[in-house]
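Marked as domain 'Aminopeptidase N-like N-terminal' by TrEMBL: 9-47. For 89-317, the entry in TrEMBL reads domain 'Peptidase M1 membrane alanine aminopeptidase'. Sequence annotations record features per position, and here TrEMBL assigns Zn(2+) binding site to His161, His165, Glu184. Taken from TrEMBL, the feature active site, proton acceptor applies to Glu162. Positions annotated as site 'Transition state stabilizer' by TrEMBL: Tyr250.
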Amino acid sequence: MKPLKECNHAFPCFDEPALKATFSVSLGHHKNYTSLSNTEKYRTTPKMSTYLLAYSLNQFSHIFSQTQGPSSIKFRTWVRSDALQNATYAADVAPKILHYFEELFKIPFPIPKVDQLGMSEFKYAGMENWGLIEYRESAILHNPDENNIGKKQHVADLIAHELAHMWWGNLVTMSWWGDAWLKEGFCKYFSAVAVVHVHPEWKHFFESYGRLQLHAFDHDEILLNETIPISHSIVQSNPEEILRYSTIFYKKAASVIGMMSAILGSEAFYDGLRSYLKDNAYGSTTLNQLWNHLQSASDRVGALDKAYNIRTIMESWTLQRGYPCIKVQRNYQTNEVTVSQNHFANDTKSCWWVPLSFTTQSESNFNNTRPRFWLKCNAKGMAKAVTVNLKSSENEWIVFNIQSMGNYRVYYDPRNLKMISDSLLLPDHGGIHVSNRVQGLYILHSNAT
Ligand SMILES: [Zn+2]
């Protein structure tokens, strides 16, 4: 996403995402230049926000590729002619990802072509203009002789992010910039999902998801009292402010979206998102529309008990700043476990609806990410600890937050932590999931409550 107020340099317009129109572009230019815009042969664009309009006059060369299957979307990847050989990967992977998204969201891509434009000077890594995606050239070039997997993964991640925008932001747009996470968070999340699909051999999801979650924790900790909630009215005239908080509405939002998928399970999560996209296509939305679609999908498949409301749960994550630390204190005589929450910097006014998944050493099931019980907030928004008997033996560990899908850190009492640490030293790390190992282990000091 580029800072706001830039798109109205070309022509007078209302630069507001909810104000959509169709655009007919004509460009006069010297015959030595190639001209490109959002649609093929300058047809009128779909109904869209002003910030998505783009045009280019260039002398680049291109590689042609296209999606497989009935839609057969044509891709052209444009760069300087002497860089063309390094654009092969971008040209190859992009149609695969677009096709995957068409199937995942069950909504066909509405423009018959995508131009990907790599420019040697571009302030941002990518910009999702509909049908004419702009990139910083260095962010999409990959030299196959270098065998640099990390670089290749960055290219795939970025292209997947921009292509996810074709649905998240372009087809359905947040009503106001303060909810930019409705596009950026989803694109960050779905880029991780798509890259796993096109490159299963990389086992990349847990790495990207873990990284973005840890970055988000760090960001909240560094900004401390100045951090903002995911949904926040950003001053439109100040692009620097937007950049300062981009980790919140990109990475933290993606982490919270991943948690939402674990809360709902994939059937209700995807049902809800597909109907949200379909019902709001070519329009704009606020958070309530998203919550309503997810709630209906959840009710349809019975994903959440009636006592839980997706809007109440998710607003505790999107409208509050910071994140919770979950404290797990076991009583080894009674077999009970007391779980409580605290704001990471002890802001006592905060309370989150925390989905708690867990497994024990004897069970060792790291596949079930659905919540098995919850930490709730009362009517006054106050947190309450929960004591439960998890039927574990005193000599086995309990690990909470399966696959680290919840956007929180877990602190364990010293004895439980020691049992986990001992298992981690075993050759198979005691069967403990890589994401739980990545997130780290935190000790609960005996005087903590
Ligand atoms: Zn983006």
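Placed from the backbone N, Cα and C atoms, the Cβ positions cover glycine too.
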| note | Cβ-Cβ distance under 8 Å, sequence separation of 6 or more, same chain as the residue listed as 'active site, proton acceptor'; the residues meeting this, in order, are Gly126, Met127, Glu128, Ile133, Tyr135, Cys187
| task | Looking only at the domain 'Aminopeptidase N-like N-terminal' (9-47), report the model's average pLDDT. | result | 93
| field | Cα distance (Å, whole number) from His161 (Zn(2+) binding site) to Tyr250 (site 'Transition state stabilizer') | value | 11
| request: Would you mind checking how many other C-beta atoms are within 10 angstroms of the C-beta on His161 (Zn(2+) binding site)? | output: 25
| remark: Same-chain residues at least 6 positions away from His165 (Zn(2+) binding site) with a Cβ under 8 Å from its Cβ, in sequence order, are Glu128, Lys183, Cys187
| By the DSSP assignment reduced to helix, strand and coil, which category contains His165 (Zn(2+) binding site)? | coil
| Summary of DSSP states over the domain 'Aminopeptidase N-like N-terminal' (9-47), given as helix, strand and coil counts | 4 helix, 6 strand, 29 coil
